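To start, the structure under review is shown below, and the notes come after it.
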Amino acid sequence: MNAVDKPFLRALAGEAVWPPPIWLMRQAGRYLPEYRAAKEKAGGFIELCLNPELSAEVTFQPLRRFPMDAAILFTDLPMLPWAMGQPLHYGRGGAEGVGPILDPVRDAAAIAALRPEGAAQRAAPIMETVARIRAGLERDHPGTALIGFAGAPWTVACYMIDGRGGHGFPEARRMAERDPALLETLFASLLDAAEAYLVAQAEAGAEALMLFDSWAGLLPPEGFERWVIGPTAALTARLRARLGADYPLIGFPRLAGPGIPAYAAAAGVNAVGLDETVDLRGELPRGVTLQGNLDARTLVAGGEALEAATAGILDAMRGRPFVFNLGHGITPDTPIEHVAALVRQVKRG
């Protein structure tokens, strides 16, 4: 199917598609029993990410239940530093539990030991997964687009420096404040690796790329401009030089709040993901597609609350280029029937 026949890609190109296309962050995940079975079969989370057959299977699982307009490659943000040579393992619970845990990178010697030039090659199993997914979509879900992704530079740096998530990343913030030159050195390595990693995904079949900046909201305004917008703009410029000016790019500066307009104007993306804290009735960026922003907790609640919140988002976004999504990922306690009800309502417009 041609890209113009895929509602998700039409929305990213600036068309006000209605009903809006829908996909959900972590639509392949622990709320699905078949996902849990696949992870157990793989033997662990990293093993699942590096098993093309099972990773592709996990990516397809939600599509068999719900008519999503996009599938997203099943992998995880810290797989990029792993591909650069930073040791990685997952604690109990995998991506949605205790892990990931990385050996921290906090000095020049540790940065010099990274191997950004080999990132795409080391991640070859992930690229095979992309190719398998794209072939399966064209065969069984021809109207569904494929999204590749990576963490944005700031968020990946947070994991690399602190070694784990969930604690506010004090070491990364300290480096940004006290040794910005060292952080710039890390970003230079990260940009090289991310470019190669994402271009390889596109060449393997990804039809759009998403940059997850999950921890963008940790920074003050001046830090946000320097460490979120600047490196993201540098990366998107590289990607466009390699993939073409019209290649669809999505940025998700989570919890960026008042920084979102500046991000939309300068980050070089076609679409901006909005988290659940953004008021869609307020002043929103123009000139980009918006994606979001149902609260994942409302999806868990279901019922009238879910129906009303979904209707409010649809009313606010009618007539704009828009992709319906959550403000963050689906949580493991989400009832499957609530996801089905959401998709039905969005498809009705």
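For all residues, glycine too, the Cβ spot is worked out from N, Cα and C.
It should be emphasised that the depicted structure is a prediction, and the values quoted were computed from it without experimental measurement.
The DSSP breakdown of the domain 'Uroporphyrinogen decarboxylase (URO-D)' (21-30), given as helix, strand and coil counts, is 0 helix, 1 strand, 9 coil. Taken from TrEMBL, the feature domain 'Uroporphyrinogen decarboxylase (URO-D)' covers 21-30 (among others).
Look at TrEMBL and you will find ARG26, GLN27, ALA28, GLY29, ARG30, ASP76, TYR159, SER214, HIS328 tagged as substrate binding site. Within 10 Å of the C-beta of ALA28 (substrate binding site) there are 23 other C-beta atoms, taking all protein chains into account.
Annotation source TrEMBL lists site 'Transition state stabilizer' at ASP76. Cβ contacts within 10 Å of ASP76 (site 'Transition state stabilizer'), excluding its own Cβ and spanning all protein chains shown: 21.
Residues or ranges marked as domain 'Uroporphyrinogen decarboxylase (URO-D)' by TrEMBL: 147-163 (among others). In the domain 'Uroporphyrinogen decarboxylase (URO-D)' (147-163), helix, strand and coil residues by DSSP number 10 helix, 5 strand, 2 coil.
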I'd like the Cβ neighbour count for TYR159 (substrate binding site), meaning other Cβ atoms within 10 Å of its Cβ, all protein chains included.
27
Within its own chain, what residues at least 6 apart in sequence put their Cβ under 8 Å from the Cβ of HIS328 (substrate binding site), listed in sequence order?
MET25, ARG254, ASP275, GLU276, ALA296
What count of other C-beta atoms do you get within 10 angstroms of the C-beta of ARG30 (substrate binding site), across all chains shown?
19
Packing count at ARG26 (substrate binding site) (other Cβ atoms within 10 Å of its Cβ):
21
